[in-house]
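Straight from TrEMBL, the features:
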DOMAIN    72-218  domain 'G-protein coupled receptors family 1 profile'
TRANSMEM  27-45  transmembrane segment
TRANSMEM  51-78  transmembrane segment
TRANSMEM  99-118  transmembrane segment
TRANSMEM  124-143  transmembrane segment
TRANSMEM  164-188  transmembrane segment
TRANSMEM  200-221  transmembrane segment
Amino acid sequence: MNLNVSNTHYNHSDSIDMFLAEEIIQWVDWITIGIGLPLILIVMIDQGAPVYVINLLISDLIQLFCRFLFILIISICYCRYLVIVKPLWYRFRRNIKTYVVVCIVMWLLPLFFLLFLFLTYNPVIIFIVFFLLPIPLFIFFLVGTIKALSGAVSVPADEKRRIAAIQVVVLIMYTLLYLPLILLLGFIMKSNSQFNITLYTVAIVCICLSPLADTTLYLFIRKSIMDKFLASICSCKISNHQETSSTDYESRSATHTETV
């Protein structure tokens, strides 16, 4: 009798936790759609956005409705890697034909992955490998970019730091967003392990935040946007300083008048 009561209490509390988790995920989902969709449209209107960034934003739009695609971010890091390591090769290969071929291959890879996923006996392992595969690629691109930048004399030091910082932020962003999902899949592989609602909530929330993180990162690495942002901060500081100076001057003038 006591065992039945304890099981009923456990199932009741577990259902409450699951309800709260679903509520949190739903709210985060709506927030990312409300904020991410306008940001994606703003970036897509930008005429200076690269082709691979446009493809990434299209995948983010799809992810806002089906929450899956992320592979195109690898092509962006690879593109940045080629710009630094092999600039001449990248300049001569930078044409419409190359863009079309790379974009078609990147869009077909998830379809082959889904087909291979349905044909395998244990799809969880395939998911884990698929999510872990971009991490060594990001590290390889980061190391290659840093080595190429260290030998580049014509590139300014600020530009070197900015390029390296972009690669580091992409690696950290991907790790933080997809590591909870990888851990969750690892728990699912163990049939005797208890379902972790907290890890499930964190993993799904991180996946929901992925399109917003991609768009925000692109907005901050754009020089024009960063220059406008820094200029607005400087103008605010200058206006505040001028207001403070004028207030001090008026107070000193009033004090001097009263003294006279």
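Placed from the backbone N, Cα and C atoms, the Cβ positions cover glycine too.
A TrEMBL annotation is a machine prediction, not a hand-curated record.
Between the transmembrane segment (164-188) and the stretches 99-118, 124-143, 200-221, Cβ pairs under 8 Å are most numerous for 124-143. When pLDDT is averaged over the domain 'G-protein coupled receptors family 1 profile' (72-218), the result is 76.
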